[in-house]
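Listed features, source Swiss-Prot:
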BINDING   GLY76, THR79  Na(+) binding site
TRANSMEM  5-25  transmembrane segment
TRANSMEM  37-57  transmembrane segment
TRANSMEM  69-89  transmembrane segment
TRANSMEM  99-119  transmembrane segment
Amino acid sequence: MIQTILAVSIAGIAGTLLRFAAGTWVSANWPRYFYAATLAVNIVGCLIIGVLYGLFLSRPEVPVEIRAGLIVGFVGGLTTFSSFSLDTLRLLESGQVPLALGYAGISVFGGLLATWAGLSLTRL
C-alpha cells in the first residue's frame, strides 16, 4: 500500500507541475485567454486517461502502483474540474456568456470525445 501511495504522490506532483506550467505560460503569453490552459490540460488529460485505461484493460498484469500512479496521480494532478468551473464562472461574470457556454460545452464534450479516442487508440 505504501508503494501505491508513493506512486500516486510522485506522479501527482508531476501532473500538477505540468498543469501549473501550462497555466503560467498561457497567462504570461495570452492573458485574455486564461481559460485555454485549463481547457487544454483537461482535453489532453482525457485523451491520456482513455489511452491508459485501454492499455490497462488489455494488460491486467501492470502493477496497481503504476496504474494508480498514472491515472489517479498524474492525470488527476494534470486535470482539474474546479479550475474549469472557476474559469467558466469568470467568463460568465465578465459578461462573456457565449464564450462561457462554448468553453463549457467544448470542455465536457471534448473531454468525452478525447477519452473515447484514447480508449479507441488502444483497440486498433
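Each Cβ is built from the backbone N, Cα and C atoms, and glycine gets one as well.
The stretches the transmembrane segment (99-119) and the transmembrane segment (5-25) do not meet in space: the count of Cβ pairs below 8 angstroms, excluding pairs fewer than 6 apart in sequence, stays at fewer than three.
The binding-site residues listed here are GLY76, THR79; among them, THR79 has the most other Cβ atoms within 10 Å of its own Cβ.
Sequence-distant contacts of the transmembrane segment (69-89), counting only residues of its own chain at least 6 positions beyond either end whose CB sits under 8 Å from a CB of the stretch, comprise 4, 7-19, 23, 34-35, 38-39, 41-42, 44-46, 48-49, 52-53, 56, 100, 103-104, 107.
The DSSP secondary structure for THR79 (Na(+) binding site) is coil.
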